[in-house]
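Annotated in Swiss-Prot:
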type	residues	note
BINDING	Gly64, Val65, Gly66, Ile67, Tyr68, Glu225, Cys271, Glu314	L-arginine binding site
BINDING	122-126, His185, Arg229, 280-284, 309-314	ATP binding site
DOMAIN	9-91	domain 'Phosphagen kinase N-terminal'
DOMAIN	119-356	domain 'Phosphagen kinase C-terminal'
MOD_RES	Ala2	N-acetylalanine
Amino acid sequence: MADAAVIEKLEAGFKKLEAATDCKSLLKKYLSKAVFDQLKEKKTSLGATLLDVIQSGVENLDSGVGIYAPDAEAYTLFSPLFDPIIEDYHVGFKQTDKHPNKDFGDVNTFVNVDPEGKYVISTRVRCGRSMEGYPFNPCLTEAQYKEMEAKVSSTLSSLEGELKGTYYPLTGMSKEVQQKLIDDHFLFKEGDRFLQAANACRYWPAGRGIYHNDNKTFLVWVNEEDHLRIISMQMGGDLGQVFRRLTSAVNEIEKRIPFSHHDRLGFLTFCPTNLGTTVRASVHIKLPKLAANREKLEEVAGKYNLQVRGTRGEHTEAEGGIYDISNKRRMGLTEFQAVKEMQDGILELIKMEKEM
């Protein structure tokens with residue numbers, strides 16, 4: 001059971017949320033007094049409490065979602081709060097639904113969406129994974145961070161062929177290596193205020209690192225927001241090549257490292273927005289004519305469940321008319337379906353741009 005000091009902090013946090021009339025987070029929407037009272041004394045076997053789940057959203061009242069899972073068990077123990085938030089965010093994934101088993105499908109279905117190279121600047125597909133038997137960031141010890149890093153770096157160093165590369169630990173990284181990784185846009189920084197408030201950045205930079213292959217088309221982030229972020233990317237629009245590279249990497253890593261998986265929710269991640277397939281397939285794309293008609297762009301994107309962001313990701317503007325467009329859905333469909341939906345949408349957007 002959670003101790004008195006934690007419960008006191010929780011009570012204060014709940015009062016703060018209640019008083020914040022302009023707060024629009026899903027946490028505020030679904031943390032009723034009844035749910036709060038039901039969960040405030042609970043504790044996972046690794047010692048995580050409701051405070052670990054909600055503290056980022058309490059501190060940052062402008063959060064969109066406002067909760068994180070401190071460990072895998074939290075998704076079950078605190079399900080009266082997680083489930084409605086998951087259903088709301090992953091539109092259409094009801095509390096009775098079950099996420100399908102992993103299925104990359106026939107990877108040869110995927111093509112170069114822009115063979116002429118006129119519109120798509122680059123293509124990227126990523127997924128997140130958590131290592132079984134370890135909690136998520138807020139509950140990890142420094143020793144666990146280092147142990148996980150050792151397991152992951154030895155697994156990655158055994159990769160061959162196109163995936164063969166080098167692991168760069170953040171600890172003790174030289175200025176030259178650091179600058180090189182910044183220039184390649186590979187380096188991740190210590191978490192933003194949302195992650196900081198969730199206690200996701202403790203013992204930084206212990207156990208954190210970056211692996212990339214020699215061609216710089218395959219990248220793994222170790223212990224950033226998630227235990228593993230596996231990323232495949234390249235210039236141009238060859239989604240087929242990018243997706244095939246990602247799937248072969250995931251399959252290789254999976255042989256050596258068991259991943260956290262939930263019967264109903266799919267692959268588990270620190271943030272509930274990434275659950276399920278955890279897959280985000282995106283392009284940086286120039287659509288000058290459609291961009292001039294943002295409503296039309298959003299309408300078509302909506303039809304294919306695509307998310308339109310600015311060039312530098314969330315909360316940014318489109319620089320030089322270049323957008324970051326990706327699949328929105330992660331849950332209740334397979335990896336294959338998620339990427340196929342994105343491919344269909346991008347092909348449709350390019351077709352419209354040509355016809356305008």
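Glycine is treated like the rest: Cβ placed from N, Cα and C.
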Problem set entry | Pairwise Cα distance for Gly66 (L-arginine binding site)/Ala2 (N-acetylalanine) [Å, integer] | 21
Problem set entry | Helix, strand and coil totals (DSSP H, G, I; E, B; other) for the domain 'Phosphagen kinase N-terminal' (9-91) | 48 helix, 2 strand, 33 coil
Seminar exercise, completed: Per DSSP (three-state), Ala2 (N-acetylalanine) is coil
For this session: Would you report the average pLDDT that the model assigns to the domain 'Phosphagen kinase C-terminal' (119-356)?
Result: 93
Exercise. If H, G and I count as helix, E and B as strand, and all else as coil, what does DSSP give for Glu225 (L-arginine binding site)?
Worked result: coil
Exercise. Once the DSSP letters are reduced so that anything not helix or strand counts as coil, what is Val125 (ATP binding site)?
Worked result: strand
